[in-house]
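Database features (Swiss-Prot):
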type	residues	note
BINDING	Ser9, Gly10, Thr11, His38, Val52, Gln64, Ser65, Asp102, Ile103, His104, Asn108, Arg109, Arg110, Arg176	glutathione binding site
DOMAIN	1-80	domain 'GST N-terminal'
DOMAIN	85-212	domain 'GST C-terminal'
Amino acid sequence: MKLYNFWRSGTSHRLRIALNLKGVPYEYLAVHLGKEEHLKDAFKALNPQQLVPALDTGAQVLIQSPAIIEWLEEQYPTPALLPADADGRQRVRALAAIVGCDIHPINNRRILEYLRKTFGADEAAINAWCGTWISAGFDAYEALLAVDPKRGRYSFGDTPTLADCYLVPQVESARRFQVDLTPYPLIRAVDAACGELDAFRRAAPAAQPDSA
């Protein structure tokens, strides 16, 4: 498989984690967003949306990290990223959606570039923007962890799930945008537990060949 991605991209990061947890090997192909390589015709031919990540399976090119991770779960069911029961799966998907639907979309690179170019937002304004929405999402995530009677080392129980694939990259982003994580001890504990696993360490932005 060929993974078209960018080292600092949160969506790329979450997919790298999922691939590593599943033990699925892939060829790393860097698409430099800062150099606008994703806007070139060659990449547009792969992914008309011109976003990373994209996963070339040899038979097709998959886009959109949530859909790709669900595809991986179906194609490579072991180890599972979703619980066996419907209630557990709903909870894990809800946690992932807090990040994937409510936090990340309004804090991704193209939104921030639009704020800079159209409204003249400086770095302080960008950090304030990101901090507002990250904190709102983390408030909910932390509260859900706090009331979960089955909470373990990770977001759900004692094995990594889909939720952790989403959470860890968002914590990385929060630190980059100088968000105060003091109010989120449970999130920080989950992030630390994930950081002990090789699958997460190998997926980290700083560990990628195109990191800068």
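Placement of Cβ uses the backbone N, Cα and C atoms for every residue, glycine included.
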Going by DSSP, give the three-state secondary structure for Asn108 (glutathione binding site). coil
What are the sequence-distant neighbours of Val52 (glutathione binding site), meaning same chain, six or more residues apart, C-beta distance under 8 angstroms? Tyr4, Asn5, Phe6, Ser9, Thr11, Ser12, Val31, Leu33, His38
Average the pLDDT scores across the domain 'GST N-terminal' (1-80) and report the rounded value. 96
Most Cβ neighbours inside 10 Å, all chains, among the binding-site residues Ser9, Thr11, Ser65, Asn108: Ser65
When secondary structure is assigned with DSSP, how many helix, strand and coil residues does the domain 'GST C-terminal' (85-212) contain? 91 helix, 0 strand, 37 coil
With glutathione as the bound species and Ser9, Gly10, Thr11, His38, Val52, Gln64, Ser65, Asp102, Ile103, His104, Asn108, Arg109, Arg110, Arg176 as its recorded binding residues, calculate the greatest Cα-Cα distance and give it in Å as a whole number. 24
Cβ distance under 8 Å to Ile103 (glutathione binding site), same chain, sequence separation 6 or more: which residues? Trp133, Ile134, Ala136, Gly137, Phe138, Gln170
In chain order, residues whose C-beta lies under 8 angstroms from the C-beta of Arg110 (glutathione binding site), counting only those at least six residues away in the same chain, are none
